[in-house]
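Here's what TrEMBL has on this protein:
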SITE      Thr55  site 'Part of a proton relay during catalysis'
BINDING   Thr56, Ile217  pyruvate binding site
SITE      Tyr121  site 'Part of a proton relay during catalysis'
ACT_SITE  Tyr147  active site, proton donor/acceptor
ACT_SITE  Lys175  active site, schiff-base intermediate with substrate
Amino acid sequence: MDTPTDQPDETPQPRGLWLPLITPFRDGELDAASLRRLIAHYARAPLDGLILGATTGEGLTLDEDELERLVMLTADALAASGRKLPVYLGLSGSDTRKLTKALQRTAPWPIDGLLIACPYYTRPSQQGMVLHFEAAADATARPILIYNIPYRTGVNLHDEAMLRLAERANIVGVKDCCADPAQTAELLRLRPPGFAVLTGEDALAFDALSRGCDGAILASAHLETEAFAAMMHRLQAGDRLGGATEWQNLADLPKLLFAEPSPAPIKHALWRRGLIESPEVRLPMTPVSPALAAALDARLWPGRSAA
Ligand SMILES: O=C(O)C1=N[C@H](C(=O)O)C[C@H](O)C1
């Protein structure tokens, strides 16, 4: 393999509140105007990073040209905003060879790191997954966040394998959606210094941050971003009661936003807020039901009757 040209000056450690940005579509195409509006909006928000093309970004429906365009448009819009925000790209696959080639193609792209899910559907062994992530780590010099989400991939990367991978210099952390608090607690106890554990479980964000996770990657933070950041900052400052108070006003939001397959509910809310031109999602995702649309509108504008 050629020496990667994407060597970062320093490896930024992912910490804090990160937004897995939706990808706006209009009439089936990537909607550049809405993307620029979203970036300008979130560049003013108390976020610590952005993730493109992840689950919420419908990354599996984007072809390579679209992924590159998404990255370029985001970099331009961020530069125009004057905000320096790290940007990671979601790039996953169940064929290690294809994934490593895809990673090599991203070398010239303006991204700061990659979010890579466990290989899905084929249910490989722990050893197979270690080899998969090691091959990915060899294919890019950029930081990699492992995305462990058994309920989507069908396979759980256990702590032992995770800790082996944490020895690699550019495997910098995990987006933890393992849904097992004991597994997360053990990982937090045993992880080496500098290996970040960020929760990706919106409904459990308060508990995970209370237990010492370094941050959160939350699709729900498309809405009430300030309140999600305030909750996290209070908890990280040791103010559990203050964090709990913030959480009480937020806890219903993940329930609504994940009541039907994500990201349709988030896109509906952003569309109703005027941030994107269209709530459309790509098949096999489908738009929100009229009942959920009404419930979301009621949450966004309490006391107002449906338009
Ligand atoms: O976009 C993501 O990546 C996220 N994934 C989680 C999921 O797959 O359900 C949820 C998280 O809020 C964002």
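Residue 1 is the first one shown; counting continues down the chain.
Positions of Cβ are set from backbone N, Cα and C atoms, glycine also.
Remember, TrEMBL labels are computer predictions, not curated facts.
Keep in mind the model is a prediction, meaning the values are calculated, not measured.
Residue pair Thr55 (site 'Part of a proton relay during catalysis') / Tyr147 (active site, proton donor/acceptor) shows a Cα separation of 10 Å. Within 10 Å of Lys175 (active site, schiff-base intermediate with substrate), counting C-alpha to C-alpha distances, fall the following of the recorded positions Thr56, Tyr121, Tyr147, Ile217: Tyr147, Ile217. Thr56 are the recorded positions among Thr56, Tyr121, Lys175 whose C-beta comes within less than 6 Å of an atom of ligand 1, given in sequence order. A distance of 11 Å separates the Cα atom of Tyr147 (active site, proton donor/acceptor) from that of Ile217 (pyruvate binding site). Neighbour counts were taken as the number of other C-beta atoms within 10 angstroms of each residue's C-beta; across the recorded positions Tyr121, Tyr147, the minimum falls on Tyr121.
On the backbone, the CA of Tyr121 (site 'Part of a proton relay during catalysis') and the CA of Thr56 (pyruvate binding site) stand 19 Å apart. Thr56 (pyruvate binding site) has a Cβ environment of 25 other Cβ atoms inside 10 Å.
Neighbour density for Ile217 (pyruvate binding site): within 10 A of its CB lie 31 other CB atoms from the protein chains shown. Using a 10 Å radius centred on the Cβ of Lys175 (active site, schiff-base intermediate with substrate) and all shown protein chains, the other Cβ atoms total 29.
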